[in-house]
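Visitor: This structure is in structure tokens; I'll ask about it shortly.
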Amino acid sequence: MAATRIEKDSMGPIEVPADQLWGAQTQRSLEHFRISQEKMPVALIHALALTKQAAASVNMDLGLLPQERGEAIIAAAKEVLEGKHPTEFPLAIWQTGSGTQSNMNMNEVLANRGSEILGGVRGSERLIHPNDDVNKSQSSNDVFPTAMHVAAVIALSEHLIPELKILQKTLADKAEAYKDIVKIGRTHLQDATPLTLGQEISGWAAMLTHNLKHIEDSIPHVCELALGGTAVGTGLNTHPEYAVRVAKKLAELTNHSFVTAPNKFEALATCDALVHSHGALKGLAASIMKIANDVRWLASGPRCGIGEISIPENEPGSSIMPGKVNPTQCEAVTMLCAQVMGNDVAINIGGASGNFELNVFRPMVINNFLQSVRLLADGMRSFNEHCAVGIEPNRDRITQLLNESLMLVTALNTHIGYDKAAEIAKKAHKEGLTLKQSAMKLGYLTEAEFDEWVRPEDMVGSLK
């Protein structure tokens, strides 16, 4: 039987594995919430450690925490950030909706490890108290939303936005490279008037430009931190300078523009900042799904589909059909976009379900948010590296389909009118004629007039 030690909390003593740094409240959570396999995200754990580091530093500066205890807490928090205690944070996402148990998990680990750093022991005889020292000037109700925002801003700024910019540039470069390749357009999955391949791809690049702005515009609200609001937003048990100072300290530690929330009641009672920001992520998912679907449709074939572009052939596509290659990057990214959209529904429900002074859907909200960021960042990187950079035009196929399109007849609208142009197109379709043959049979224009007026390369912009 594994060795244990006795830890105590306000509910009494409880056995805890002797080789673990966590304490009584973490152990109770482990025993009471054996639900699924999802654990609190590492990014959130690191954000909690950063929050404790900042709080200890400010509490020392304000004379509220003895120097040696504060320095030990900071040293222990740095160890967590360095990845030295990965097994000490075992709690499920599906716990108290305020994240209290994960806050106490961090408090207990830092208290026990800090005690060891000071030469003491872990357990009830430790030299640092998880509540009185590590959690000084704090409540789970302001710590956990603060850590959520810190984790979200870091994930967006350092992981997602760089990948989004790279993919946008790839598409913008492709748009420029293929700006002179005239192809047929399609609306309603039917033939439409011409455009260039560059123009089509430029639309994809512009979508991502807008997505980037929407995401960046959401970040300032997420940079507002609840820390200093304590239990219900009033700041009970905090120094008057604490809230501003601790936000400034977190900004220094992370190099991100964190500020104290101007209204702590909003910061505790809602998840509005993350609801709004994730809405921008959902918008990005919608754009990426559209782009990936367009790519795989345009690359369909190779002989019996549209086949206007080629994409990299990365791996065999079938266990029974030799030589088959599939648009697997497009399939992977559209699946993850669907997951992000599902995450958004759950986040919306969580955001709408806070009662009175505290939202209690927080662990689910931040888990879904961070999963969406990770999926989108990884998905864009994979799609860019293994698909987008390798998009190439199939010029012969593009020319073939362009010349077969009946919608080139639109160029005649300004010369013979809509009704006669429609008659030409319908006759050509019904009798299997070219547009020129149909127009000449109907006697609406000469061959020379047709050649002068129906020029696909002149149909990709406004009238000159």
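Even glycines carry a Cβ here, placed using N, Cα and C.
So Swiss-Prot lists the following for this protein:
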- His188: active site, proton donor/acceptor (ACT_SITE)
- Ser318: active site (ACT_SITE)
- 98-100, Arg126, 129-132, 139-141, Thr187, Ser319, 324-326: substrate binding site (BINDING)
- Glu331: site 'Important for catalytic activity' (SITE)
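Tell me about the surroundings of these features in the structure.
Guide: Sequence-distant contacts (6 or more apart, same chain, Cβ under 8 Å) of His188 (active site, proton donor/acceptor) do not exist in this structure. Under DSSP, His188 (active site, proton donor/acceptor) is assigned to coil, being neither helix nor strand in the three-state scheme.
Within the same chain, the residues at least 6 positions away from Ser318 (active site) whose Cβ sits under 8 Å from its Cβ are Lys324, Asn326, listed in sequence order.
Classification of Thr100 (substrate binding site) by DSSP places it within a helix.
Here the Cβ of Glu331 (site 'Important for catalytic activity') has 12 other Cβ atoms within 10 Å, regardless of which shown protein chain they belong to.
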Visitor: Got a sec? Which of these binding-site residues, Ser98, Asn131, Ser139, Asn141, Ser319, has the most Cβ atoms within 10 Å?
Guide: Asn141
Visitor: Three-state secondary structure of Val325 (substrate binding site) from DSSP?
Guide: coil
Visitor: Between the binding-site residues Thr100, His129, Val325, whose Cβ has more other Cβ atoms within 10 Å than any of the rest?
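Guide: By the 10 Å Cβ neighbour count, Thr100 comes out on top.
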Visitor: In whole Å, note down how far the CA of Glu331 (site 'Important for catalytic activity') lies from the CA of Ser319 (substrate binding site).
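Guide: Cα to Cα, Ser319 (substrate binding site) and Glu331 (site 'Important for catalytic activity') are separated by 17 Å.
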Visitor: Using DSSP, would you call Glu331 (site 'Important for catalytic activity') helix, strand or coil?
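Guide: Glu331 (site 'Important for catalytic activity') sits in a helix per DSSP.
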